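Contents: one structure, followed by commentary.
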Amino acid sequence: MFDTRYLQEEADICIVGAGAAGGVLAKELAEAGMRVVVIEAGPFRDPQKHFASDELAMETLSWEETRIVDGGDPLRLGSNNCGKGVGGGTQHWTAVCLRFHPSDFRTYSEDGVGVDWPLAYEDLEPYYARHERELAVSGPKHFPWGAFHGPYPWPERNPLSSNAEIFQMGCQKLGIDWCVTPLVILTGPFEGRAPCTNRGFCNQGCMPNAKFSTLIVHIPKAIQAGAVVYADATVVEIEMGKDGKAKGVVFVHDGMTYRQKAKIVILSAFVVENPRLLLHSANAQFPNGLANSSGWVGKGIMVHSSDDVYAKFPEEIRFYKGSPVMASTQAFYETNPNRGFVRGYTLHAHGSRPMSMAKGIATTAGIWGRQLRELMLNYNFYGRVTVVGEVLPAPWNRVALHAEETDAHGVPKAHVTFTYGDNDKRLLEHAVKKAEEILAAAGGKPVVRTHDTAHLMGGCRMGKDPATSVVNRDCQTHDIPNLFICDASVFPTSGGGNPTHTVMAIAARTADAIKTKTVRREI
Amino acid sequence: MPVKEGYYTKFDVMQSLPEWDSHTREIVQQRLHGSDTYANLTIIEAEILKSLCQHMTGEERPDVIQYAVTHLDQQSAAAKGESQRKAGTPPLGKLIANGLQAFELSVRGECIVSFLELEAGKQLEIVQKIRQGHYDRHSCWLERNISPNVWFQKLLGIFTEAVYSHPVVWSEIGYAGPAYPRGYVRVGLHDIDPWEAIMDV
Ligand SMILES: Cc1cc2nc3c(=O)[nH]c(=O)nc-3n(C[C@H](O)[C@H](O)[C@H](O)COP(=O)(O)OP(=O)(O)OC[C@H]3O[C@@H](n4cnc5c(N)ncnc54)[C@H](O)[C@@H]3O)c2cc1C
Ligand code: SF4
């Protein structure tokens, strides 16, 4: 049903995108008594009815519209990056819940690369801690790296999947610290939801609701507090007033165009769509796109390098069982001058279902035909380790409007350019070698490496200086006081671990900032 | 019954069908009844694609190949978007159709006859040549603005995702498949639930 309660009025807050950040913002601001409208391009799904335990069918959870990819290392998008629908990427994420390390916020000061954030680890610490409690994060008693050493509020997963057991064996043989991965996946009943049943389909959407997503947690709470969600509604423009402030947004639902007015507009439409909307909404006052006086809108996008190493074992592993990631190491996270590169990475034991394994191997490892089939006949004998490697920001990695092609609504398609830098490449080679060593120490024979990336970030980075950044530390655009951008796109650097815990911490902090500024009438 | 070559010749994942939720059941069952009517492809194109699928994925069972080709046809006809497309590459439907034309012209130029008339060994040789860049500068590809390798990769990706979504292939590789609501109970090394595949002795 299309609930148009706020359509005729001016809402206090209009949030574009109901993903990881949008969900948190909606709940926090609605619970503070604000009149919140969330506009989400994709559907409002019911996990029990609309999810299925099927890889191919559930590709629809992702943003499948065509983006033009370019550069030395063109990105694979779709199921690999972006969600579509209430819950956004959290519908199909793996639920690995890691905090960033303090050094991630100071890469320029510490290593002379990237830029420093206008936030420090300590600014996000209370929000990390709150989410871990509120979302029942399960994890080890002792987490060996970074600033937070546990214990996590909920007990770690037990038993481990076979692939995690192998990872553990390999690490132990080599003397590498490892731990059971912190996950936003229930290890016990919580708020009427049941614990994980190990079916392994986290990336296809969790049917039993054991895995956290904003679809099943934040959005229902936001609605309970009075927020209105327009689903299947694509925002195509941000409307500006003559006073230089945002008036609201224009969106399309079921072929009809509507306008939603709001006192504050927050873009949480992810790394590609935020810059696309800002650039497309250019007008006489903002000819280069909204919030773009610095010229940084769309620039500095980052991924994580995320190659996989498969090793064949003499015995069956069956890595289709259990949530895909259950064991990890961050032993190579911080800069070590002896390694020939700066910054670092996380390694995860990472299970896989047949479709993504076969497709990854066929399309990135150059294995096809009989060789592919023979390799896949041994599906049950493989173990896998996946890299999450830091990638440094560069202005040439960017989202721009495509010069010729437009989408069904007449908005230019996104033109996404990406090329790894030298440090990124050296870091990735080191990580892949370590992954191979771990699998070999556990008794496997590394046979295939597939190329992949994960986790888009950047494109509307936060910073102190309006000349080199798009938003301030509160995610408020430097140029337009009532226009906020809040999600993975505000990351100035990428860190070496999964980013969404940080996305949600930033969103909760931004909600607090908006509440304070509104009370003080600063917006 | 198709011939299996894997370690699990007695395993049939479809025996667990009653244990799956109805949405998953419906999706997987449909794959077993692959249709042979096409939205975009001509019968000849579909036949060429079937042989290409066989060479590219090493899959030989007609039912699985039929499903893969129908899946490709549906993908190229759907309005939902391609997630990403390399700059300079035509949209999927055009890439496949124009690539097929260029492919046939290359084959006829080299072998006089259609790809379908070649014996399997020769067909494979041609597919390998595509992969090795042999046709990259041929005018029939250049005129259509299609890179043979991009075309090959696109077909390979779509065929592979279809083949490894087919329950006959799941059974063959010993993948116990969908598991909602029952889940898996025994997940550690050497632990196997009673409904999982057991290796032939
Ligand atoms: C397969 C996979 C596994 C992952 N696993 C992990 C993990 O284990 N741990 C981790 O930390 N991270 C993981 N991630 C990353 C995680 O999903 C993202 O970091 C996170 O979802 C980003 O949050 P966001 O709020 O920035 O954007 P999203 O969650 O993507 O939300 C953006 C929303 O905006 C909507 N939208 C876009 N444009 C418009 C528009 N014009 N109008 C209206 N709505 C619009 C989209 O439909 C979408 O719902 C994974 C991602 C993938 C793809
Ligand atoms: S493995 Fe657990 S968390 Fe993941 S989808 Fe299955 S039940 Fe949900």
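Using the three backbone atoms N, Cα and C, a Cβ is placed for every residue, glycine included.
As annotated by TrEMBL, domain 'FAD-binding' applies to A:10-41. Positions annotated as domain 'Glucose-methanol-choline oxidoreductase N-terminal' by TrEMBL: A:81-304. Look at TrEMBL and you will find A:397-507 tagged as domain 'Glucose-methanol-choline oxidoreductase C-terminal'.
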Query raised in the report: Mind checking which residues reach the domain 'FAD-binding' (A:10-41)? Cβ under 8 Å, same chain, six or more beyond either end.
Result: 83-90, 93, 214-215, 217-219, 221-223, 225-235, 248-249, 251, 260-270, 273, 277, 486-488, 500, 503-504, 506-508, 510-512, 514-515, 518
Report summary line: Summed over the domain 'Glucose-methanol-choline oxidoreductase C-terminal' (A:397-507), the DSSP helix, strand and coil counts are 31 helix, 33 strand, 47 coil
Query raised in the report: For the domain 'FAD-binding' (A:10-41), what are the DSSP-based totals of helix, strand and coil residues?
Result: 12 helix, 11 strand, 9 coil
